[in-house]
Amino acid sequence: MSSPLDETYGLWLIAFFLECVLFGAGLLQTHLYFLWYPKDDWIVKATVLAVVLFETMQTVIFFAGIHFTLIEHFGDFANLAIISWHVGIQLLFLYLTGFVAQAYYAQCLYRLHSRDKILPVIIFICTVLSFIAGIAQVVLIFDVGESTASNRGHQVATNAQAALNFLTDLLITVGLSWRMNKNRSGIQSTNKLINFLIIAAINRGVLTMVMAALALILNLAAPTTFWFHVALILNGKFYMNSLLAMLNTRKYALGTSREVSMNTMGGANDTNNGFGRNLITINHETRRDVDVEPGKFSL
């Protein structure tokens, strides 16, 4: 017969191991991002730095929480029923990561087609609501101070956060794919590039949507265990890696030998901002080799 710790703190150890692997991949991508794209606009750099900072804090505090419960209080079985402050704080940084990433994608969608504000506004509202539900979950953790499985308010907040997170990522994925698809032209190289970007957008959304759906399903199916924590905690690392992957694959999209810069939606052609109406701008040395009108290709 398995120990009840297998489905609680044992799952924390599994989640921590997996997130350390993803965190290492994210740090490598961060290094490559600043190495390859030093001229990106400060808004994009600030977004990357914020996500990396939040995920670093989440990882450190999560480790401190595990150490506090399983090492400092080793053999203290009464303490196992108490939820330490580390849990709430690490979840706060986790939700901050999701908020920053989703808000960035909402801005991207707006810049892709600034005349259509409805979808970006809906996504941003869902992002804010998801973050509020996450804050409510954190507050209830501190308020209850012990196992939250039987706390109705905590369960509602957890499920609401996961559901809103899933909905937001679904809207972002559909929105990016739809708006990029509308930019198709008669130029084959442009369409091939759009196909690549659509696949990248779908892959980005699938990872985070699966984790959000798993967190919701596992919390509903097994509320007295920490199974949902595995999906919940890993989701932050998937946001970090998917955001950096989309930023870092710009050179690959047009060929690794070409120097590519990115504009945040609607910025000037000589500014490297992120995803923009002039998403990919090719330097003068490269423009001779690409049959895409300079500065006009948009994501």
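Cβ atoms here come from the backbone N, Cα and C positions, even for glycine.
According to TrEMBL, the domain 'DUF6534' annotation covers 166-252. The transmembrane segment annotation in TrEMBL covers 12-36, 48-71, 83-106, 118-142, 162-181, 193-220, 226-247.
Sequence-distant contacts of the transmembrane segment (162-181) (same chain, six or more residues past either end, CB-CB distance under 8 Å): 98, 102, 105-106, 108-109, 112-113, 119-120, 122-123, 126-127, 129-130, 133, 194, 197-198, 201-202, 204-206, 208-209, 212-213, 215-216, 219, 228, 232, 235, 299.
A contact between the transmembrane segment (226-247) and the transmembrane segment (118-142) is absent, since fewer than 3 of their C-beta pairs, 6 or more residues apart, lie under 8 Å.
Remote same-chain residues near the transmembrane segment (118-142) are listed as 83, 85, 87-89, 91-92, 94-96, 98-99, 102-103, 105-107, 109-110, 148, 151, 153-154, 157-158, 160-161, 164-165, 167-168, 171-172, 175 (criterion: CB distance under 8 Å, separation of at least six residues from the stretch ends). When Cβ-Cβ distances below 8 Å are used as the criterion, the transmembrane segment (83-106) is approached by residues 47, 50-51, 54-55, 57-58, 61-62, 64-65, 68-69, 120, 123-124, 126-128, 130-131, 134-135, 137-139, 141-142, 144-148, 161, 165, 168-169, 172, 176, 232-233, 235-236, 239-240, 242-243, 274 of the same chain, each at least six residues removed from its ends.
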